[in-house]
Ligand code: NA
Ligand code: NA
């Protein structure tokens with residue numbers, strides 16, 4: 001059988017097992033079995049290879065960023081950032097929604113994953129928004145969608161992984177998703193202000209100027225230990241003090257004294273709980289990654305990437321159409337697997353195609369970054385949306401409609417702009433000489 | 001079945017071209033009985049894993065550095081300041097030399113057949129900041145160098161007055177670019193041009209070590225071949241090696257020139273200065289690493305080095 | 001078990017962060033880079049990954065998508081799908097564990113050592129097989145539990 005056919009069968013089975021609720025690592029294991037029993041691939045030496053990949057220091061950024069994110073929400077760091085942003089935009093109509101988006105963007109400059117925003121701001125913001133007249137489903141959808149900015153505002157785990165698997169400068173990849181990330185922040189804020197007109201919002205009575213200024217000073221000074229974090233992390237990375245992985249470790253260590261002593265959100269109890277929960281998510285993610293890496297390696301050994309490029313070129317060679325096609329492909333993949341796995345599987349597969357049509361690896365980083373980030377909120381596999389539903393205590397049916405509105409008006413335009421307008425992703429890296 | 005050949009450099013580099021030459025030559029010589037395909041840029045894993053995969057038969061062939069993870073005695077062919085010049089290098093690394101026999105034996109213990117050597121370059125130091133007292137091994141330089149995870153290179157950096165700094169290879173480029181470290185040791189002009197040219201402002205051809213890659217294949221696959229095919233394989237592999245010995249020195253010069261054309265300043269150090277450094281390394285680094293690999297065995301190999 | 005995982009996982013993830021942090025401090029503030037730290041880091045890291053995943057199996061919190069559940073109306077239908085998924089999981093997990101065993105015995109045979117400190121890497125490598133074996137056990141345990149539950153529910157349906 002043609003290797004492309006077998007690969008498609010393997011991926012098809014993966015989707016079937018996934019929809020039955022087979023844990024993701026085993027779904028990849030099943031796809032591996034298909035490649036071995038139907039495609040004649042061998043597992044000999046693949047475990048050795050997989051283990052060595054898993055031991056790669058670059059992957060260490062994942063556990064560290066997951067842990068840092070959990071500590072940030074438990075410690076009260078995120079909450080103080082939220083109150084800080086609220087001072088500036090909280091008073092305008094629909095302002096609380098803007099607070100959600102902007103806070104998630106700022107938290108994004110500390111955290112490397114898409115889960116931190118919702119985990120940290122959701123428990124505070126969703127009830128608060130609901131009490132002020134926002135529909136609960138809408139509040140949840142907005143926080144979930146904004147939370148993804150954690151992957152687009154540097155640092156970002158997905159971009160570290162992309163840089164690693166494609167041998168592209170990680171710092172350039174970080175900056176590539178920044179333009180799209182900022183644009184999404186603006187779009188969400190605008191969409192929110194428009195949507196807010198229809199909601200029966202309860203507005204705070206205007207306070208006297210003096211009180212407002214006083215509150216601003218208090219909240220800002222309370223927020224300083226938290227605001228220092230992005231400075232340490234991004235300053236540390238771009239200032240030549242540490243590597244992105246080390247920055248994640250510094251974020252973990254920094255949040256300990258701040259969480260235990262300043263914001264006092266951390267106690268021994270919450271710390272152990274945070275550590276155990278982080279380690280469990282990390283384990284689930286990493287074992288899934290090792291098997292997706294093995295599947296990707298089997299694809300490389302069987303020359304699937306070249307066969308794919310040839311197959312795609314028989315459909316069309318038009319750059320514009322190809323980019324649209326790839327966006328659709330990434331959208332569907334984003335529906336069924338998580339961001340890191342999508343990048344591990346697809347970046348090496350598609351990069352040769354991008355080279356052939358003249359899309360730079362850095363722009364492609366942004367294309368993959370935006371698409372895979374969006375995957376976090378597109379069902380059926382929508383980890384970030386599900387987490388926010390749990391936090392917001394809402395049903396799927398309440399959250400899906402506002403989520404779709406935000407995706408269509410916030411994400412989709414940016415996804416296409418990133419593909420078709422290289423400047424959006426390449427301008428900021430260009431400023432830094434990439 | 002088509003054999004897979006792995007190597008560590010991008011497409012279109014010297015090793016890639018030579019392996020593609022081999023692919024054509026072996027196909028022609030054996031009238032298509034042996035077919036190979038080249039997988040560049042560590043697509044099948046970094047050289048440590050690939051060596052294991054070759055020994056397991058999951059990858060058939062590779063041309064790459066020996067991996068000391070499998071056997072620490074593989075540090076020996078990369079001993080710093082062991083050979084001085086191209087002529088001496090060819091004498092020691094070619095077929096028939098004691099060192100070559102030792103290396104073949106080490107590979108054989110891993111279930112790997114050694115086919116040929118592919119000399120790469122004499123190593124040097126790439127810097128992103130101006131060099132300091134580059135000829136004097138005793139001067140503390142205050143320069144942080146990224147060292148590969150190999151004891152010889154870490155000690156080499158520290159013994160010559162640099163601050164050896166371990167950074168994973170995948171983070172190395174970024175680390176030099178942002179200034180986490182100021183330069184890199186453990187590779188040569190070709191390697192720096194390939195992976196670090198954007199951050200190499202100075203290059204010091206310090207002759208740190210002689211980099212040689214070995215063309216290896218799974219021993220079982222080799223043993224299963226008919227004597228005639230084995231003979232043909234050996235013959236083409238030997239030609240592959242000889243072609244490289246003829247061009248390697250010029251290739252090293254060409255790569256230094258490419259670094260220079262890309263904006264790096266080549267900072268030469270004199271033979272006398274190299275000799276001083278070599279002496280210091282031989283008396284301070286060698287004994288430590290010899291102890292690690294087995295003093296008697298190691299000394300025996302070193303004694304057999306042709307002067 | 002709960003206590004064992006709570007303390008072990010906390011120690012592992014914290015030590016990974018602390019070691020990385022120590023590296024930055026030593027290199028940037030003390031200007032004394034620590035050799036071989038990456039080699040040491042491999043051990044807590046790999047055990048963290050595999051024990052974390054074992055715990056996810058134990059708590060039944062592995063990453064899943066459960067798309068079919070959205071369309072299923074009855075608990076019994078969901079339970080049937082769950083048992084099918086469990087059977088598939090156990091089969092695949094067994095196959096992976098078998099290959100992990102292959103790797104385990106290979107690692108034991110070649111007994112590699114880390115490049116500069118010469119610590120045997122086997123102590124990290126064995127986490128793969130041990131982790132996979134425990135994951136299979138916990139997955140199998142859920143299969144038995146859910147299958148029994150299904151039998152009970154089916155009997156209840158029939159008796160009604
Ligand atoms: Na981020
Ligand atoms: Na999704």
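In case you wondered, yes, glycine gets a Cβ from its N, Cα and C as well.
TrEMBL has this to say about the protein:
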DOMAIN    A:11-419  domain 'TRAP C4-dicarboxylate transport system permease DctM subunit'
TRANSMEM  A:94-126  transmembrane segment
TRANSMEM  A:138-163  transmembrane segment
TRANSMEM  A:169-195  transmembrane segment
TRANSMEM  A:216-241  transmembrane segment
TRANSMEM  A:247-266  transmembrane segment
TRANSMEM  A:278-300  transmembrane segment
TRANSMEM  A:320-337  transmembrane segment
TRANSMEM  A:342-359  transmembrane segment
TRANSMEM  A:365-387  transmembrane segment
TRANSMEM  A:399-421  transmembrane segment
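Taking Cβ pairs closer than 8 Å, the transmembrane segment (A:138-163) reaches residues 58-59, 61-62, 65, 69, 97, 100-101, 103-105, 107-109, 111-119, 121-122, 125-126, 129-130, 169-170, 172-178, 180-182, 184-185, 188, 192, 195, 199, 233-234, 237, 244-245, 247-248, 339-340, 343-344, 347, 365, 368-370, 372-374, 376-377, 384-385, 387-389, 391-392, 394, 398-400, 402-403, 405-407, 410-411 in its own chain, all 6 or more past its ends. By the Cβ criterion (under 8 Å, sequence separation of 6 or more), the transmembrane segment (A:278-300) is in contact with the transmembrane segment (A:342-359), since 3+ such pairs are found. Ranked by number of Cβ pairs under 8 Å to the transmembrane segment (A:216-241), the listed stretches A:169-195, A:320-337, A:342-359, A:365-387 are led by A:169-195. Using the rule of three or more Cβ pairs under 8 Å, pairs at least 6 apart in sequence, the transmembrane segment (A:94-126) is in contact with the transmembrane segment (A:365-387). Just going by CB pairs under 8 A, the stretch in A:169-195, A:247-266, A:320-337, A:342-359 that sits most against the transmembrane segment (A:365-387) is A:320-337. Here the domain 'TRAP C4-dicarboxylate transport system permease DctM subunit' (A:11-419) returns a mean pLDDT of 87 for the predicted model. Within the same chain, residues 60-61, 64-65, 67-68, 71-72, 74-77, 79-80, 110-112, 155, 225-226, 229, 232-233, 236-237, 274 sit at least 6 positions outside the transmembrane segment (A:247-266) and bring their C-beta atoms closer than 8 Å to a C-beta of that stretch.
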